[in-house]
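Take a look at the structure set out below.
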Amino acid sequence: TTFQDGGEEVEEGAVYNVTLKKVQIQQAANKGARWLGGEGDQLPPEHTVRQYETSKIRAIKAGTLEKLVENLLTAFGDADFSYISIFLSTYRAFASTKAVLELLLDRFGNLETSSHVEVANLNSFESEIVLRAEIASVLRAWLDQCSEDFREPPDHTCLLKLLDYLKNNMPNSDMESKVQNLLKQFQNQEAEAVDGFCSTSSSDLADGEELEISNPEEFSSFQDHVVAEQLTYMDVMLFKKVVPYHCLGSIWSQRDKKENKNLAPTVRATITQFNAVTKCVVSTILGTKELKIQQRAKIIEKWIHIAHECRILKNFSSLRAIISALQSNSIYRLKTTWMCVSKDILLVYEELSEIFSDHDNYLTSRELLMKEATSKFANLDSSEKENQKKSQKRLQLQKNKGVIQGTVPYLGTFLTDLIMLDTALQDYVEGGLINFEKRRREFEVIAQIKLLQSSCNSYCLIPDQKFIQWFRSQRHLTEEESYKLSREVEAAADTHVLSPKSQKSMVKRISTLFLGTDVITPPKEQPPKVSPLGGSSGESTDSASVSSCEFNHSETEDVCMTPISSPEDPLKKVQLGSDKCSILDKASGCDSGSVSEKVSISVPCISSKVLPVYNRQSGGACIIRVSMDGINDSVYKSILITNQDRIPDVTQRALLKHNLEPDAVEDYELVQVISEDKELVFPRDANVFYGMNSHVNFNFILRKKA
């Protein structure tokens, strides 16, 4: 089989990519060979005749909503076999369930008034059969793949409309029964007031029970593999319920608007769980001041063992949560405690930390995740022989039991990728047509999420109510509390003090991100000489600094990742879940800006073959991060710029992303942050792409003119 580019076909309201597919359909003996009694598959190539068939594959590239919905019925005829899945997984970015259902049933699904071209060319009996089969195929796929689209409590208008259509056009069909059962399921869930998510808040506690600081003895009583299994159980239950379209950049980035406080609940639930694990690690280590240094080191060792068990279970979500907590400033600064941690265990920790190295856009964790996604068991490689023996022993035990594992990913990676795709690619192309090529790119990420969700069905884990109750009863320390306790446990061992500007910046970040008011935050300290994290940063342990990443119990929506950052940018961190979002990922970002107004801004067309990325200019485009001076310096928005953009264009886009009035362009100036004490101020009509310093981070500030 060979493929050849057939160019584009343009129709009213749609543009198609055409591919010519050449397939060998027969290989026969030529005349001379047949006279000798030979068969085609038994003869050398020169004695055979090959017959080929060329077919045309049409894949819609852009179109109106009407054309995209009509294409659901013609996609199989055009040999675009993945179109229905792509459309159903991504249409919520540009249309509602109601709009798509009305077009499908009322315009194309009504036999008497259908404008479907293929149906119109057939007689009435043939038309009815063809149309019924096509509509049934689409509806079946919709109900199987995206049944959550029809959850509209309390009325479920779309589901009732669909049920009415099936009763009139496909009475007593299996699909009618399926829709009735789905409606009953939704109604029963509402009647029972079940939200479907494992909450980690205090509302889960029994009456009269209060949140408590962790008891070290109680925590130590849980075996390492039991803790890892229970964390995996909770993660699996939440991840399987994630609705993939909730992760789309155009939807997730709008979560912070007041009217969207209930947007993407399935994603918020996974983030809440991630934060709960991270906070639990911090509270178990710092919650009891009376512990001796050796006892505290044992708790750190226990969490490293638990992290390793999570790795064996292929649970990358809790694994990353534990690593992030141990890398947080209040834990990492405990030099004497880390000195008491076994060297062998530190080696395990370094290997686990290396998984989430930010080198080359987290290439290690991405490759590992895809490798693990389809394997029955974890693929464990360790440079430490003793650790390798233990890992293989645990794996062999699981294999002997016949237990097959799924894979739980760190969802933040996919959220970041989808947000960057949404930032880099336009929603609409010339003529106001919906850019469906963008949706195909997004589906590549969505399909990975679905594959991993499917793999999670392989887990066979039984909940341990004793551990779950203990886990949910933990009182989580705030940023201020954890740092204060850390200082009480181990006083500062050096006199390192940040410059006034750095200290002021850090205080502002901590106060706005976690506490909501200005507080006095102690300066960060240098990491210990024997660093438990040297492998994850690529920096020497003496020069690496750690960003502070603690947690306020009320901030249940924020995921806070804190790998070691470089000395030049000690405050890099990643958070997903609210507008309080700084960005670590060099080639991606956490953008919480509004997307609804993007169409009104003119953005030159960028080739989708080379996507713009953060911190690198390529293909005449790049992505910069813009914060608002004096409002919230820690909130960045990802802005796509090209080599055609000048200051007014970029300023207007940044104001829209920050939900500010775009007409106030003249009141602001754009500044690139070169270093702590250097800035690059752009002239009024400068070309941002060519004028910016490409040798430093692409971090900008929008500042009101004096």
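The backbone N, Cα and C atoms fix where each Cβ goes, and this holds for glycine too.
What TrEMBL lists as domain 'N-terminal Ras-GEF' is 56-187.
According to TrEMBL, the feature domain 'Ras-GEF' maps to 223-492.
Annotation comment: TrEMBL describes 519-546 as region 'Disordered'.
Taken from TrEMBL, the feature domain 'Ras-associating' applies to 620-706.
Across the domain 'Ras-associating' (620-706), the DSSP tally of helix, strand and coil residues reads 21 helix, 39 strand, 27 coil. Along the domain 'Ras-associating' (620-706), the predicted structure has mean pLDDT 87. Mapped onto DSSP classes, the domain 'N-terminal Ras-GEF' (56-187) shows 89 helix, 8 strand, 35 coil.
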